[in-house]
Amino acid sequence: GHGVEWTYSEGMLDEAHWPLEYPKCGGRRQSPIDLQMKKVQYNPSLRALNLTGYGLWHGEFPVTNNGHTVQISLPSTMSMTTSDGTQYLAKQMHFHWGGASSEISGSEHTVDGMRYVIEIHVVHYNSKYNSYEEAQKEPDGLAVLAALVEVKDYTENAYYSKFISHLEDIRYAGQSTVLRGLDIEDMLPGDLRYYYSYLGSLTTPPCTENVHWFVVADTVKLSKTQVEKLENSLLNHQNKTIQNDYRRTQPLNHRVVEANFMSRPHQEYTLASKLHFYLNNIDQTLEYLRRFIEQKIPKRKKQENWP
């Protein structure tokens, strides 16, 4: 193992320095990316993703706080067949979120520069390999089904109640619990027909460039309370709250992003949402500045009083 634990924004191995320990993180097909509608290539021949075994399953789902995120282990009876007929078996599902200030969103992929509140990743491996461990070393080994979360004045999303209520059982890094009877399909967007597709990488070290990404156009809706629970329940290895556990968007470098829809379905561009978007961007920028300054200032005493 590596002596130093990687992080997003603190210490020796923050995301700017990942490539020093994990060279692939400095590669040319990294994830996440900004999905720019004007550059996306429309490909109507991309068929809907075929999900099998994603519905209610009464078995056990181990859930772990791994110090970076909360991870749900998935049974290999869950699989996804993509448009070209490749079958991928599910391995685990995890989340990326913000929360370092009330307005900070934490999705990894952005759409036309807009960052969503949370991003959900369901990680799969190519069924032609015997295990995830084997597949993760292969060039066509992995696929991630990604979904973005919106929060407005939504009522509680009942499909997330059980999961969120058990976060307190895994407050500390390394803790695990077991959930019974989850419906993963219900935890995903209602409409899975439309998606963006591109070739990228894992968004955490070792950042291997063998991931076929499928980012669903439709979103998951959570209530503000649910989002705040996720943002404030878990502690990392330093016993600090896990927040802003997302990687910044990476250069596209001549890759092509395809989508099987023409424009973003039912996205209302109200003045309010535009304003929210700009405020959010300002907030993001301030947060990056804060991170940057925090690293440049010599550590006198523990700066616990930062905002």
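Including glycine, each Cβ sits where the backbone N, Cα and C put it.
According to Swiss-Prot:
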type	residues	note
ACT_SITE	His68	active site, proton donor/acceptor
BINDING	His94, His96, His121	Zn(2+) binding site
BINDING	Thr203, Thr204	substrate binding site
DISULFID	Cys25-Cys207	disulfide bond
DOMAIN	4-261	domain 'Alpha-carbonic anhydrase'
CARBOHYD	Asn50	N-linked glycosylation site
CARBOHYD	Asn239	N-linked glycosylation site
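Features per Swiss-Prot, on structure.
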residue : record                             : Cβ neighbours (10 Å)
Cys25   : disulfide bond                     : 25
Asn50   : N-linked glycosylation site        : 13
His68   : active site, proton donor/acceptor : 20
His94   : Zn(2+) binding site                : 19
His96   : Zn(2+) binding site                : 25
His121  : Zn(2+) binding site                : 24
Thr203  : substrate binding site             : 25
Thr204  : substrate binding site             : 22
Cys207  : disulfide bond                     : 24
Asn239  : N-linked glycosylation site        : 9
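Comparing C-alpha positions, Cys25 (disulfide bond) sits nearest to Thr204 among the recorded positions Asn50, His68, His94, Thr204. Across the fold, the C-alpha of Asn50 (N-linked glycosylation site) and the C-alpha of His121 (Zn(2+) binding site) stand 17 Å from each other.
Secondary structure at His121 (Zn(2+) binding site), as computed by DSSP, is strand. Regional average pLDDT for the domain 'Alpha-carbonic anhydrase' (4-261) in the model is 96. Reported as a whole number, the C-alpha separation between His68 (active site, proton donor/acceptor) and His121 (Zn(2+) binding site) equals 14 Å. According to its DSSP assignment, Cys207 (disulfide bond) is coil.
Reduced to three states, the DSSP call for His68 (active site, proton donor/acceptor) is coil. Cα to Cα, Asn239 (N-linked glycosylation site) and His94 (Zn(2+) binding site) are separated by 20 Å. If you take the Cα of His121 (Zn(2+) binding site) and the Cα of Thr204 (substrate binding site), they are about 12 angstrom apart, rounded to a whole number.
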